[in-house]
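Chemist: For reference, Swiss-Prot lists these features for the protein:
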REGION    1-55  region 'Disordered'
MOD_RES   Ala2  N-acetylalanine
COMPBIAS  11-23  compositional bias 'Low complexity'
REGION    53-63  region 'Atypical RING finger domain 1'
REGION    70-127  region 'Disordered'
MOD_RES   Ser74  phosphoserine
MOD_RES   Ser75  phosphoserine
MOD_RES   Thr76  phosphothreonine
MOD_RES   Ser78  phosphoserine
REGION    86-95  region 'Atypical RING finger domain 2'
COMPBIAS  90-100  compositional bias 'Basic residues'
COMPBIAS  103-127  compositional bias 'Pro residues'
MOD_RES   Thr110  phosphothreonine
Amino acid sequence: MAEAGAGGLSETVTETTVTVTTEPENRSLTIKLRKRKPEKKVEWSSDTVDNEHMGRRSSKCCCIYEKPRAFGESSTESDEDEEEGCGHTHCVRGHRKGRRPTTPGPTPTTPPQPPDPSQPPPGPMQH
């Protein structure tokens, strides 16, 4: 406290210190580590068959065909004349060597049907 003598003015200074103590909170943080997902990629094994005979192991076809062999038959014997494809009905490209895919149309087992004379010919409709 400070006082001034002659003029009768006095000044009072009060300092207040507030100490707040808080109890530590019981917070916890849990971090879970997860493995990275492996990248999806094709890995060819050393015994993968190159069914397109192009010297590489990639294929635009739907599958890699391994021809079934009889018990005891050597895997090194190959008969190119008996190549028949993968047998999957969903494979529209085929797996036959030297053949290109054809445009969609009637299947070779069904002959094309002649047009029905009772039906109007296909073309633009006229009203």
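In case you wondered, yes, glycine gets a Cβ from its N, Cα and C as well.
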Chemist: Tell me, roughly as an integer, the mean pLDDT over the region 'Atypical RING finger domain 2' (86-95).
Modeler: 52
Chemist: Which secondary structure state does DSSP assign to Ser74 (phosphoserine), in the simple three-class scheme?
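Modeler: Reduced to three states, the DSSP call for Ser74 (phosphoserine) is coil.
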Chemist: Which numbers of helix, strand and coil residues does DSSP report for the compositional bias 'Low complexity' (11-23)?
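Modeler: The counts are 0 helix, 1 strand, 12 coil.
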